[in-house]
Amino acid sequence: MTFTAGVVDIDQRLPENFEVSENGQVPADGPPAKSEKVKKISTTFALVNIIKGMIGTGCFAVPLAFKQAGLWTAFGIDFLLGFISIISMIKLVATAQHLCKKTKCGTLDYGELAREAFASCKPLARYKYVARWYVNCCLIFLQCGICSVYYIFVVEHAKEILSYFSLLGNVLMTASIAIILGELVMSQHIPTNQLPAFTDFGGAVLAAGSLMYALEGQAMVLPIENKMKHPEDMKGFNGVLSTGVSLVTIIYAACGFYGYITYGNNVEATITLNLSNSPLNLSVKIMLLCVVYTSFLIQQYPLVELLWPLAKKTLEARNTRGAYVVALEYCFRFSIVFVALGLSWLIPNLEEIIPLVGVSTGMLLALVNPSIIETR
């Protein structure tokens, strides 16, 4: 999510052209120059960022996917999509490394990778900027969808909490997942033979969308790979991607499996709504509410840095006064919040909006685009 969908450091969660340079400016186009000093991270740190970047609110919607598709069908879909995600991410990394050597550029983000891939194919070279904008638009719509999910998540839990009167965020999210999984494992379970192994095709599609949303992490793969001391460690059987995504897939499978056999067909859109209001569970809900609320800004960051530099460049070309530019930037940021609010108002249920985001932009970014880019 997958952008999301966890709380991570901005420098490691976002595409490389979002990186703030030494003069405080964010490059609007093209990869950073080779002369720029970028702090490199270790393989272990990259693995941690992959895991924490993929684990977010989508984890708590996985039990609903098991209800929609059936116990063993969703179990199989989870591991299938996890395996495909690993392959797609490795394709992105391998293609990026190949094109960086070929074009002698420093680093590439997802959009720039699409541009360079099409530029290297003569029949499609004239569409290189279209390819970049297409990928960037997918990222924009994905982040809008994630922001809408976050908004609904906050509203759902704010009602319950109020009725009772980035390192910290990662710790809270990890603690919340551990507490919830522990309670699910220790609870009384429904026998698996009393739960459907398969529901219908429509349910399987919805489940695939929810799991695709939860497993979305392609947007952060290249930024992390660009900052690694040993980029080659991203690939391979026991590489960062294979290890990280496998662990995330297992966590999601455990959360979905135990959540479904605990609550059965009564499972809610997010498993946290099924929890009792004991002091421990209430503290979990408060922690998650704080994490999701504060990370809403992080999910907005890609939208602002994809769109605002272009708008600012246009305004400056027209000699717009600096005060007006600042005012328009604030209006632009407010408009993003209202777009997310509008989407969440049109589709107010998590069980509907999460699969929608997953089967649309999530599927394109995770499965379709990497294969197209590699083919070019």
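Note: Cβ is positioned from N, Cα and C throughout, glycine not excepted.
Ranges compared are 206-226, 353-373, and TrEMBL records transmembrane segment for 353-373. Residues 43, 46-47, 50-51, 54-55, 59-60, 62-63, 65-67, 71, 74-75, 78-79, 81-83, 85-86, 89-90, 93, 177, 180-181, 184-185, 187, 189-190, 192, 195, 211, 214-215, 217, 221, 224, 228, 267, 271, 274 of the same chain sit 6 or more residues outside the transmembrane segment (237-261) yet have a Cβ under 8 Å from a Cβ within it.
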